[in-house]
Amino acid sequence: MNNTLTTIILAAGKGTRMQSAKPKVLQILADKPLLAHVLDTCQSISVDKTIVVYGFGGDQVQQAMTDYSLTWVEQTEQLGTGHAVKVALDELPSTGKSLILYGDVPLVSAETLSRLKQANVQGMSMLTLTVDNPFGLGRIKRDEQGNITAIVEQKDASEQEQAIREINSGIYCVDNALLHQYLPNLSNDNAQQEYYLTDIVKMAVADGIAIAAIEPDYEFEIEGVNNRQQLAQLERKWQAKLVEDLQVQGVQFADPNRVDIRGEVSVGQDVFVDINVVFKGKVSLGNNVTIEAGCMIKDSQIGDNVHIKPYCVFDDAQVAQGATIGPFAHLRPQTVLEKNTRLGNFVEIKKSRIGEGSKVNHLSYVGDAQIGAGVNFGAGAITCNYDGVNKHQTIVGDNAFIGTNTSLVAPVTIGQTATIGAGSVITKNVEDNALAIGRGRQVQKDNYQRPEKKK
């Protein structure tokens, strides 16, 4: 038996109701294109081949998906879902099974697709759902024994059929041999004059194939996106699910409705997240982490007992246990904070390591620097790392004291336990235990008369 699994993803729609120059499948949900959600799910279930059927904006779609290994097939005319799958037949293996998915139905889960595949015993399985309001959706017809006999589209349904509440999601797992057999025989003899993929169900029933049906765990798994309102609604449903998952793991949210998770977040115990916090990319939070209001954390690792005060931005940062950051701190890529460091108001760190117990508390920029343990940066102290062409490194030894409003002009090294006087511009290396002052002498003119304004 051939157990290979192919996915056919229909992604040719223009998405006119989006009022966008971008193809619909490139619209963003949780910081990721709709189509990318589907592709990531396919990767997680070890698909052997993925075929994407594209149409409007095909160049844009292909350029946006270069990180994936895909087979692209163009649908030049949009003549229905059956036609869309039919154009992929030349790329479809003759054996194995195929999942038929949609680029604008982004949230079907890997677990649901795995169950759908397992349910395909006789050649075809499908994802259905019983809903309160089935208007506009294809209805599932069953016989007295509960066997599926047909799918009837809304515009072709009788009054009795329109009363059926079990609907077709359009997501199937079908033996490739059946797709090769049935798709060439589809007809467009219907109200829409389109080639319905649903007609393969009728063909399978006529051949005596028992069609299996399963339901997803969540209704949003089969919800499609056609306009901005639906996109926003689906975003909120997805966010609620992600927040719920973290709550189960012990995270306390000040308001579960005012947080956005746009990636993967792993957590320890007793994490607290205040309002309007955004997580992007891969984020890990240790035990007893507190994140106050308005922070954005992207691709960062946060250790135990870290306190992040309001309105901080982290991007590719590693923060060790016991650190306190903010408010209004900006940690840029390749920032490493060691244990018990403290960053305060309006501090920016870029491509630098701040040693254990060091403090950069006020109005500072530290870039391309290696800062030792126990160092104190006074208010307004900065590293001058860029000469207009190249970046240069600043090294500060353990227990150094950098006075207020100091400029360290890289490349420069400050020795251990060195002291830099306030207001200095340091352009040369400073030895261990030395005091360096690089500023003009104070001049005082007694009885100074200010200039008077000319009349």
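Each Cβ is built from the backbone N, Cα and C atoms, and glycine gets one as well.
Annotation source Swiss-Prot lists region 'Pyrophosphorylase' at 1-228.
In this structure, ASP104 (Mg(2+) binding site) belongs to neither helix nor strand by DSSP; it is coil. Its Cβ placed at the centre, ASP104 (Mg(2+) binding site) has 23 other Cβ atoms within 10 Å. The feature UDP-N-acetyl-alpha-D-glucosamine binding site is assigned by Swiss-Prot to 10-13, LYS24, GLN75, 80-81, 102-104, GLY138, GLU153, ASN168, ASN226, ARG332, LYS350, TYR365, ASN376.
Taken from Swiss-Prot, the feature Mg(2+) binding site covers ASP104, ASN226.
Residues or ranges marked as region 'Linker' by Swiss-Prot: 229-249. Distant neighbours of the region 'Linker' (229-249): 18, 27, 29-30, 106-107, 218, 220, 223, 256-257, 259-261, 265, 267; these residues of the same chain sit at least 6 beyond its ends, with a Cβ under 8 Å from one of its Cβ atoms.
Annotated region 'N-acetyltransferase' per Swiss-Prot: 250-455, in sequence order, evidence recorded as sequence analysis.
Annotation comment: Swiss-Prot describes HIS362 as active site, proton acceptor, evidence class sequence analysis. The Cβ of HIS362 (active site, proton acceptor) lies under 8 Å from the Cβ of GLY344, ASN345, PHE346, VAL347, GLY378, ALA379, GLY380, each on the same chain and at least six residues away in sequence. HIS362 (active site, proton acceptor) falls within a strand segment according to DSSP.
Around the Cβ of ARG439 (acetyl-CoA binding site), a 10 Å sphere holds 14 further Cβ atoms from the protein chains shown. In this structure, ARG439 (acetyl-CoA binding site) belongs to neither helix nor strand by DSSP; it is coil. Here Swiss-Prot flags ALA379, ASN385, TYR386, ALA422, ARG439 as acetyl-CoA binding site, drawing on sequence analysis.
In sequence order, ASP315, ASP316, ALA317, GLU348, ILE349, LYS350, LYS351 are the residues of the chain that are 6 or more apart from ARG332 (UDP-N-acetyl-alpha-D-glucosamine binding site) and have a CB within less than 8 Å of its CB. For the pair LEU10 (UDP-N-acetyl-alpha-D-glucosamine binding site) and ALA422 (acetyl-CoA binding site), the Cα-Cα distance reads 65 Å. Take ALA379, ASN385, TYR386, ALA422, ARG439, the residues named in the record as contacts for acetyl-CoA: the widest Cα to Cα gap among them comes to 22 Å. Every protein chain considered, the tally of other Cβ atoms within 10 Å of the Cβ of ASN226 (Mg(2+) binding site) stands at 14. Looking at ASN376, ASN385, the binding-site residues in this record, the fewest other C-beta atoms within 10 angstroms of the C-beta turn up around ASN376.
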